[in-house]
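Below is the structure I would like to discuss, written out as C-alpha cells.
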C-alpha cells in the first residue's frame, strides 16, 4: 500500500486506524499454501482480498460509535447522568439548557474533529483501493481491491507495489524505494530466483507458470520471510530478498512480474499498523484519581445539604407551607432525598466537560511550538523538529532519566577510515600535525574526498606486499555495498551502513577498487588490473554472529573464505598459529580504543574444493527448510568459519555530533541522569563517554563491572554500592502502595539513596544479562541510580527495553529514550517519552517515537525550554480550572445554609451556563498557551529551574488540596462580603437594592487573580482578559434589558436588574473590597515565601564556571561496532545498478533565518559566581 498520500494516522489515538475484520474471523494459519494462476484453488483457503479499510466509522456507525467513545470519559458520562436526572421534574433545579448547551458544544467539537479525520481516511482508502494494476489472469487492468492471492501482476518503473509479492520475473537484480510510511530514503536491492528470472517478460511462459508456494502465515516481522517455491519437482528457497512488500516503489527497473502472496490486511505493512499502545502522562493518571475524589467530595457536600434540608423541613418547613405548598406525599425524609439529587445540578461546574477539550487545545498548541521552533531546525538535512504526539508535552518537563544510544545519536554515524593494523604493523599515525595528505593521483579510480596521512601504507601497497594486498582485497570483496558508475571512472557506493562504505572506499583508494558485480561474480580492479572473482556463497551477518563472510573463487581456481567481524568473535575462530600475531594486533586495538575508534578484525581461510561441494549441498538443504532455517544455516556457517588466519584490523572514526558535550553538561546540571545503552564494546563506549563529558577525570570513581559469571557480576556491583554509601543498608528501602483508579494498581518504589561525590558505572553485556535477572535486578538498580552516569555496553535491543522497564517499575520516575536506529525501537517504545533521531540509519526510530529531530543537541531545548513551559502551563491551567470551579461551587454551598438547604442557585441560569464556556474560558486558555516564567535564555543559563517538574511540585495531590482550600477562602469572601454589604441596604432613592446579581462578582475576581499570576503578557492575554470582562457586562445588560423582557418574558424576568444594581456606588465599592480581600492573602503569601522560603525559581543562582576538559588518553581495548543489518547476504549477487537520487525539496527556512544555518552547536553563556544576575525578563 503506498502512503505517499497521508493516511492521517495519529500516534496519540488509543484506537489505531487499521482494522483487520476478515483476518480476525479466519482461523489462525500455521502455513500458507498457494498456487500461481489458480484462483479456484486459492479461494478455497479464504485468504483475505487486497481491499483495505483504514477508516473508523461509516455513515451509520459514526454517531453511535463516536458518542460511545466520548462517554467513556468520566466528565462526559457525569454530564449525561445529570441530563438524565433533569428529566425528573421533582429533582430538577435548573433548566435543561444549563446542562445540554455545554455538553452538546463539547461533544460537537470532538465529533467534528473525529469526523474530519475519518473522512480523510475514507478518501485515502478509495484512492488506494481504486488504483489500477495489470493482472496476468485476464490481461487487463484491475483495481487493487480486486487482486487475489496467487495472481501474477506486472509492475513498472516508479510504480507502487500493490500487495506482498514473491518476485517471479524481472531483471536479475533491481532497486526499490521502501514504503514512504517507513520514511526510508535509501534504495534497497531485491532479486528474483534464477529459475523464475528466466521467464523474463514472456506472457505465454508466465501464464503457464504453476509453481506452488508454501510460506509462513501473516506476521509483522519486516526483516524475515521464510518460504519455499516448488516448480517442476524442484524446491527453491524464498527469503526476504525475494519478496517485495506492499507500499514499496519500483525504481531503476523497466518492469517486474510478481506472484501475490499476501493481500490487504495480511500484508506486513498492515500487520505493523496494529493497535498502538497509548502513552498517558502522569498528570492524566493523577486527573483520573482526582476526578473520582471530586465525585466523592461532591457526594459528601450533597449529603450535608440533604441532611440539613431534612432537618429544616421537619423543624421549619411548616411555616412556609402557605406560599410554598408541599406536594402530596412529600415529607421531610423524601424532601432530603430529592435535595440530594437536585444539588448535583448546582455543583456540576466543578467537573466541567470542557476541561478535556481545553487540555487538548493546550497540548496541541505546545506541540505546534515544537514544530515551529527554528532553533531546532537542521538546515543541512532540511529536517525540522516534529512533535509526533500531542499528549505528552508536559511530561517533557518532568524527565529524570535519559536512556541514549551512542552510534548515530551521540555520534554522527559518518565513518572515516583512520588507522589499520596489518600483519602486526600499525598504520595511520600522522608524523606531525603538518603532515601532508597522501597523494592518490596514481590511482585514477581513487575517491578525491578520501583523506589519509600515513605515506608508508601506500608505499607497501605499491611495492606488492602480499599481506597488505590481501588485507585490502578482503575489504574489496567482503561486503554488501552496491556500486554505481554514472560516468567512466566516477564510482558511487551505496552502502547499507557507514562502516562498510568507509572500508570499501579505503580499499578503493589503496588500489583495490570494487568496480561491479553480477549474480555470480565480483569484479575488482587490483592495482590497475581487472580481476573477476566467482562468488560462491555469502555467510550473512546477524546480531548473534557479529561477523560476515564471503567465499570466492579466484581466476586461478583458488577457493578462499574472507571474514570480517568483532575482534572477540574472530579471535575465537583463529588458527593456533596466529597466537603471536593476535597479541600484537590486540595491542594495536588497545591503542585505537584510546582514541575512541570503532574496530573490526579481518581474517581469511583457504578451502578445499571437495569439501566446498559437499558443504554447498548441505547449505541448499538448510536454506530450503521451513523449520529452524536460521538455526541450521548458523550451524553450517559456524562449521566453515574455523581455523581462520588473521590479517589485521581496521579502525574507523565516528565523530561526535556538534554540541553533544555541552548538551550533556546542561542536562546533568538539571539533575537528569543519563544512561548510555550501546551495542559497542566497553572500551569504545567508555572513551566516547569521556569525550562527551559523561565521564570525567575529576569524578570520585568510575566503576567497571566486567564479570564473566553471575557471582563475579554481583560481587562487583555490590562492592561499587558499598563504596558509594558505606553506611547504607544492605537491603533497599521499598515502599509499596496502590495507585490508579480505585487503587487497583500495585506499585513498588525504591527510595533514592544520596551519596557524597560523583560516580559513574560502566557495565558490559555479560554482567548486564546477569544483573537483569530477578534475584539481582534490585542490586543493579540501587547501584546504578546512585551514579550520575551509567554506560551499558554490548546490549541487545531487548536488554535496552528491559533496563528502561526496570527503572520505570521501581523508581516511579519519568524516563526518556533517544535513538536513531531500528535496534532502538524497543527502548523508545518502553520509555515514557520516545525521541527519534533522523540520521544515517533510516527512520525506524523516528516512526516509533513521540518526538523527533535531527541532532542530539536539540534535546536540551526540547526539555529545558519546551518541556518546562509545557509542564508549567498545564499545571497552571489545572490549578486555575479547579480554583474557579470550586470557588463557584462553594458559593452555592454557603448559600444553601440561607435558603433552607435547598438546591436554589445563587446565580441565574444563563450565568451558570456561560461561566465556563464564555466568561472564564479564554483568559485561562491564553495563560496556558503563552505564559513563560522565564525566557528560553534563562532556562539554559539556569538548568536548576527544571527541578520543580521532576519533583512534581506544580500540580500534585498536595497542590490540589491547597487549591481547594484557597477556593474555600475565596468563596467565603465572595459570598459573605456582598451578603453583609447588601443586607438591609437601600438605594440613594430609598428603594431596596436588588442584590441577586451582586454575587456574580465571582467571575471578575477569578479573572483578576489570573491576571496577577500571568508572568508573560501578550496582546492575546490582554484581549482575552479584558474582552471576557466586557462580554460579561454586555451579556448581563442585554439579558436584563427591556427588549429581552418583551421578547422572552418567561426566560428573562429580571428586567433592569443590572442597571439598577450597578449604578450604585456601594455596589462598586463592594466589588473593590471583595477583590482586595481575595487577592491580598495571595500577595502576602507570595511575598513571605520569596522572603523566607524561596524556591529555585525565586532565587536563580548563577551556575558554576564552565570547566575546561583536558584531552584524555587511554590504552583501553577497542570496541567493535559493526553497523550492519541481517538479510543482505544475497544482495551481493547483483547485476546492473543505478543510484537513486531523491528529489531535493526547498529548505523550510532560509539560511539566515536560524542561528543553526551554519550548523554550529548551541552555546550558552554562563554567569560566573559573584557576577551580576541577569535582568528579570
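Along the chain as shown, residues are numbered 1 onward.
In case you wondered, yes, glycine gets a Cβ from its N, Cα and C as well.
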Which range, 826-846, 847-867, 910-930, does TrEMBL list as transmembrane segment?
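From TrEMBL, the annotated transmembrane segment range turns out to be 910-930.
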Looking at 959-981, 1097-1119, 1120-1142, I want to know which stretch TrEMBL calls transmembrane segment.
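Based on what TrEMBL states, transmembrane segment spans 959-981.
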For the transmembrane segment entry in TrEMBL, name the matching range from 933-952, 993-1012.
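That would be 993-1012, per the transmembrane segment entry in TrEMBL.
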For the feature transmembrane segment as recorded in TrEMBL, pick the matching range from 1024-1048, 1149-1173.
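Residues 1024-1048 are the ones TrEMBL records as transmembrane segment.
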Between 795-815, 1068-1088, which stretch does TrEMBL give the note transmembrane segment?
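From TrEMBL, the annotated transmembrane segment range turns out to be 1068-1088.
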Mind tallying the domain 'P-type ATPase N-terminal' (35-100) by DSSP state, helix then strand then coil?
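Looking at the domain 'P-type ATPase N-terminal' (35-100) with DSSP, the answer is 31 helix, 1 strand, 34 coil.
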Restricting the comparison to the binding-site residues 407, 541, 598, which residue's C-alpha is spatially nearest the C-alpha of residue 824 (Mg(2+) binding site)?
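Looking at Cα distances from residue 824 (Mg(2+) binding site), the smallest one goes to 407.
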Between the stretches 877-898, 1024-1048, 1068-1088, which one has more Cβ pairs under 8 Å with the transmembrane segment (959-981) than any other?
877-898
Around the C-beta of residue 405 (ATP binding site), how many further C-beta atoms are within 10 angstroms, looking at every protein chain?
28
So what's near the transmembrane segment (289-312) in sequence-distant terms, Cβ-Cβ under 8 Å and 6+ beyond its ends?
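Same-chain contacts beyond the flanks: 74-75, 78, 332-333, 335-337, 339-341, 343-344, 347, 350-351, 739-742, 889, 893, 896-897, 900-903, 957, 960.
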Return the member of 405, 541, 794 nearest to residue 820 (Mg(2+) binding site) in space, with distance defined Cα to Cα and candidates limited to these binding-site residues.
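For residue 820 (Mg(2+) binding site), the closest Cα among 405, 541, 794 is found at 405.
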Looking at the binding-site residues 598, 794, which sits with the largest number of other Cβ atoms within 10 Å of its Cβ?
598
Applying a 10 Å Cβ distance cut-off over all chains shown, what neighbour count does residue 541 (ATP binding site) have?
24
Given a 10 Å Cβ-Cβ cut-off, pick out the one of the binding-site residues 407, 823 that has the most other Cβ atoms nearby.
407
